[in-house]
Amino acid sequence: MGNCGRKVLRALSFLLLLGSSSAQGTWEAMLPARLAEKSRAEEVAATGSRQPHADRCPPPPRTLPPGACQATRCQADSECPRHRRCCYNGCAYACLEAVPPPPVLDWLVQPKPRWLGGNGWLLDGPEEVLQAETCSTTEDGAEPLLCPSGYECHILQPGDEAQGIPNHGQCVKQRRQAEGRVLRQRLHKEYPEGDSKNVAEPGKGQQRHFP
């Protein structure tokens, strides 16, 4: 029994030693592959921030431009001059002229929702701004800086009347619902009360015609 037990222990020890060496060999065989995979991941992470920005690239051409495949290739925007981006030219990535970013819409006046009946609401779009047109409603002895017809002065800085600083703003297009009121005010200025020329207002009795 003693000899039999020693043989069994030797056999178990041999099997354990064999399994240990086999596992070590397997790990050593897998180690280069793992290191290579880690190296590729680090390379991708390092170059990820230098990838071309597609939002600044022109759309790819439908037909291949001449010399597109012979152009100097790039892999990142940092390889291109200041006003160029690494973009696809139909054949390869090359330094192309950057596309300007889309314009930003400035909401000068917050639109007010209009009730359409029931649960329906209509939200107006932004007011149209007259390009580079400033205005003021302060009357300091001279004519105020008014807006053209169909526009109203949206005050951006109130100014200070005590110090003689007039307010100023930008001309924005008047809302549709205010057009009738503006027209009546304009006609009232042109034909004040007591003048023979007047116009009829809705619901204000009979209409008086111009002579």
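Heads up, the Cβ atoms here are built off N, Cα and C, so glycines get one too.
For Cys95, the disulfide partner named by Swiss-Prot from the candidate list Cys69, Cys80, Cys87 is Cys80. For Cys69, the disulfide partner recorded in Swiss-Prot among Cys4, Cys86, Cys87, Cys91 is Cys91. Disulfide connectivity taken from Swiss-Prot links Cys87 to one of Cys57, Cys74, namely Cys57.
Within 10 Å of Cys74 (disulfide bond), counting C-alpha to C-alpha distances, fall the following of the disulfide-bonded residues Cys57, Cys91, Cys95: Cys95. Counting other C-beta atoms within 10 Å of each candidate's C-beta, the disulfide-bonded residues Cys86, Cys91, Cys95 are led by Cys86. Counting neighbouring Cβ atoms within 10 Å of each of the disulfide-bonded residues (Cys57, Cys69, Cys80, Cys87), the lowest count belongs to Cys69.
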